[in-house]
Amino acid sequence: MRPNHGRKARVIAKIKGFTDQEPESANEASGKWISVHKPKGDDSEIVTVSFGDQSASRKDSYELDYCYDRNEGNSLIFSREVNPLIEDVFNGHNATVIAYGARGSGKTFLIQGSEEEPGLAVLAMTKILFMAEESGKLIAISCYEISRDHAYDLLDPERHEVLVWEDVARGKIQLKGLSQVPVKSIQEFQKLYLSGQNSYKQPQNIMAEHRSHKGLIIHVFHGDKSDALPLGKMNLVDLAGYEDGRKKSTDGVILLDNNKINKSIYALQNVVYALNANESHVPYRESKLTRMLRDSLGGTNKILMVTCLNSSFCQDSLYMANLASRSCKGTSRIIPDSTKKTKSKVRPMVLSSCKSRIPGSVSATVTKQIGTRVWFPENEANVKASAIKGRKLFDEACHSTKSKKASQEESLSLEIDSTIEHTMEVNLTFLCHRYVQEKNSSVISDATVPLVQEPSSLQAFGAEETDLPIKAFSTEETKMLDKVVVTNADNHDEATPNINSNAKALSFVEADQPLDRENNFFLVNKNESPPISARLQDLSNSLKLLYSSTPSCIEIPPKTDVSFDGQVSTEILEPKTPEPSFPVNDKLEIADINCSPWQAFSARSSKMKNSLVDEYIKFLNRASKEDLKRLKGIGEKRATYILELREESPEPFKNLDDLKEIGLSAKQIKGMMTKEIGGLFN
Ligand SMILES: Nc1ncnc2c1ncn2[C@@H]1O[C@H](COP(=O)(O)OP(=O)(O)OP(=O)(O)O)[C@@H](O)[C@H]1O
């Protein structure tokens, strides 16, 4: 990869080449719309991409590591940008190439290519196969698709869902259910890859057009035998085009879909930004894509982000260039003067900025749309602070290389001149995006059961994850867990079962543990954890106290004090019990009134259980690390992980199911609590 200024991710752009269908006049027009300044020609380490008609009063310009022009094709991009990464893969690192951009901006053309012009995937595979043959390495591929935050195996005819399993202790990822198919020739690769990429059958009743992210993983193994260990891998990702979340908003489904697509792009940009800025927290968990790529993004791994830009006017392209420029900067963002002058009462959020697309009104549109900020009062910003932590790209002012005057003018116009109507419009987009993000973040779609994974990913975790120390595998573990899933390339049916057998091997290791099958395997500190958590003991004690002080039967006032229509007035019936009190309008509580002793006992036990669960969850959401470690089953690693989750979302646990996120099933938690309660009566 070319000079990277010490950053982990290189951020470049590619202006879409002219298609055969485009008339000559279109070429001329687009030449005016987008231009690139390369101070040192091809050797430039920073280039400036400018958008705007020459007749416009000013242009919007963004700095990127490089920008490939219309006439520069896939093979040039491959030789200058991707080829050097292949060396790294053969040296045990992971490399990731991500193409993103507006709809129709040439992402597929870049990654997949055409018959006449092979894409980066084919060019990379050709080189990898050549190197593998020379050095005696086995190559396999996986193809997946992410649609609406769910990943599917594209090499599996049934397209089973792929689950992301995390080994929270070791910070590793296993893509459970993702086939790895060995490949020996480029023809074999093309057949597999293209059949996978193009085989999507659109569900009829879901939406008018299916849009998804598509990923290819090229795995390189240490040797050429089927049991060789993984060495490194190259990911190539074609991200579905960025979309204005409000487009087609009459169709709620598509609106939601657009936001999900954009969410992945935002999440990725945030991860790249955090990595480039060397931030201690990298928000991998914000999307399925970043979770899947986690072991390829951090540490010594290399990332190449390619922003595909439409060559003629496209507001989305402009916005993508803006995003790319900011993630490119990482450590050296420039905040416009006007932002600094604003007396800290506000917090800037840079948002999707697409208004009406009126060709010919370029400059006016751009002036208003770029870097549109939504200002939150400080207190509101504080409330949101934890939720947006790790989303730095969206809480800093945009960086662009406009002249200072132009920058000030724009900032002023944005802060002062923005009409209420415009602000509301952007606010709506933002709220919609936030709503989808927050809603999604509260849904844990994957089983995140801790597992061990490829040794190759040992290199994948760098300084930002030193809180998850990597424990060396024993030879036995390594043998058992890292068997290559080798399948017959012509027989897809075998692919998934083989993966499953790999998963069984993992379960087998876990099954060796007598208790807590899913988790004990990685509880490195399990012997150090106190046998009974003092905190849980405290909780249990308070519950016991509560139990003894709660009247077994609530005295109800005479019937005249009960509100209309048979509804019970909660005010009147509020039992005067110590905190926490049971909800008085709870049906069970009312049922106590005339119920049998057994029913009363069951009802109360059930309430106790719920209350204990609530306390447990509250505790996980709030306790200090030291206190967390006092809980049975929560060692150093899990406590660290819980704090990490809490950084991303203030209260990550809402119910027992959410505890899957830390590798504890609801059943395990219940079992642990039953023991604690039982202990109280000993
Ligand atoms: N560099 C190029 N030279 C010639 N034609 C191109 C080039 N890039 C893209 N095209 C053509 O432009 C059209 C759109 O490109 P492509 O499908 O790659 O866009 P995309 O960004 O993947 O779109 P989507 O967001 O819908 O997935 C295709 O017909 C493609 O052949």
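Cβ coordinates come from backbone N, Cα and C, glycine included.
Those TrEMBL annotations? Automatic predictions, nothing curated.
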TrEMBL annotation of region 'Disordered' - which of the ranges 17-37, 353-373, 647-667 it falls on:
17-37
Least buried of the binding-site residues SER105, THR108, going by other Cβ atoms within 10 Å?
THR108
Top of the binding-site residues GLY101, GLY104 by count of other CB atoms within 10 A is GLY101
Cβ distance under 8 Å to GLY106 (ATP binding site), same chain, sequence separation 6 or more: which residues?
LYS14, LYS16, GLY17, CYS308, ASN310
